[in-house]
Amino acid sequence: MDSNVLSTSQVRVGLFGSGVGLSLVLGFGVAYACYYLSSIAKKPQLVASNERFCRFLEEYCPVVTETYYPTIWCWEGRVQTLLRPFITSRPQVQYRNELIRTADGGQISLDWFDNNDSLYYPDASTRPTVLLLPGLTGTSKESYILHMIHQSETLGYRCVVFNNRGIAGEELLTPRTYCAANTEDLEAVIHHIHNLHPSAPFMAAGVSMGGMLLLNYLGKTGRDTPLMAAAIFSAGWNVFESVESLEKPLNWLLFNYYLTTCLQSSISRHRQMLEKLFDMDLVMKARTVREFDRQFTSVMFGYRTIDDYYEDASPCRKLKSVGIPVLCLNSVDDVFSPGHAIPVETAKQNANVALVLTSCGGHIGFLEGIWPRKCTYMDRVFKQFVQAVFEHGNKIFSM
């Protein structure tokens, strides 16, 4: 056969093959884009019974009414949850540490970001202050905490991070750590900060278990708190539903076992102190969060059963009593806080509460953009709401 004919035939086949491949790629891309835009990128659901609160959010915190575009290549909840700690940046923050004593002889570690270079609020006595509560085993070093401080710094605000007992490197002076239901340490911290800066506007933001603790505190105190408002992110509303979700095989493999080992690691260095009250060998054998709570947490805080502890720790049972404006952000695909357990109807019964529910975002994920390194949807909600409260809060405090 003529070599020219053969060459031409090969070129035609190559072009045809590449054309088919290109068509397949384009077809898949178009189909994926259509699916993403129709089923993934959605406006969050805003649940609030108070029309004034709704209008306030629409005007001063518009991000809660805008379409949330999750990162197109990792929008699924588990993936967002797993990747966020590795993808997001870690802004540099210089803390000033303070150890305060508690009534029972223990100590709490507070990390202050004073923001003394604030151009908007040069007077430290009136500089707005945000108290930040990290998650279950989190500290002031968590990336989501660092991003909240970075957002606050640009606005001129001061931040204080409440590290739960024994977590941030300080010694346990008594055989006691922390739990989501007991608010004594949080109450002590809030009043300590308020007494130091009584003229400074003051609010708080809690993430995951930090949000649960903050909600339980607010449900207990009602309006009798120095806090002006609060922001809650990825809180577990019903602990029974949370642990059941985390005990499903895939979730146990991806999250539950690792979280249990983190809890065990957080108390292992305090073993000599805790062995006075607990069978630490038994605690260290736990393979789920539920087992850890049964052997350790519920016993430490005097609950008759683990169910009694979980019932007391569930913020959904105290939401009706919250007496200050609270904005709560959750994703309905969060395996730590399943969508069906979010107390939508209860929230509608309290004029102080607004829920923002996204269809995607996972647990403390909320990644957005092609390469979501610097800012998440959660960061933007935090920044806009905090600024709205400190600069325009008088418009909702008369609710």
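Cβ coordinates are placed from backbone N, Cα and C, and glycine is handled just like the others.
Here is what TrEMBL says about this protein:
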type     : residues : note
TRANSMEM : 15-37    : transmembrane segment
DOMAIN   : 128-369  : domain 'AB hydrolase-1'
ACT_SITE : Ser208   : active site, charge relay system
ACT_SITE : Asp334   : active site, charge relay system
ACT_SITE : His363   : active site, charge relay system
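Shown in sequence order, Pro134, Gly135, Leu136, Gly138, Phe233, Ser234, Ala235, Gly236, Phe336, His363, Ile364 are the residues of the chain, 6+ apart in sequence, with a C-beta less than 8 angstroms from the C-beta of Ser208 (active site, charge relay system). Taking Cβ-Cβ distances under 8 Å and a sequence gap of 6 or more within the same chain, the neighbours of Asp334 (active site, charge relay system) are Gly77, Thr81, Ser234, Gly361, Gly362, His363. Here the Cβ of His363 (active site, charge relay system) has 25 other Cβ atoms within 10 Å, regardless of which shown protein chain they belong to.
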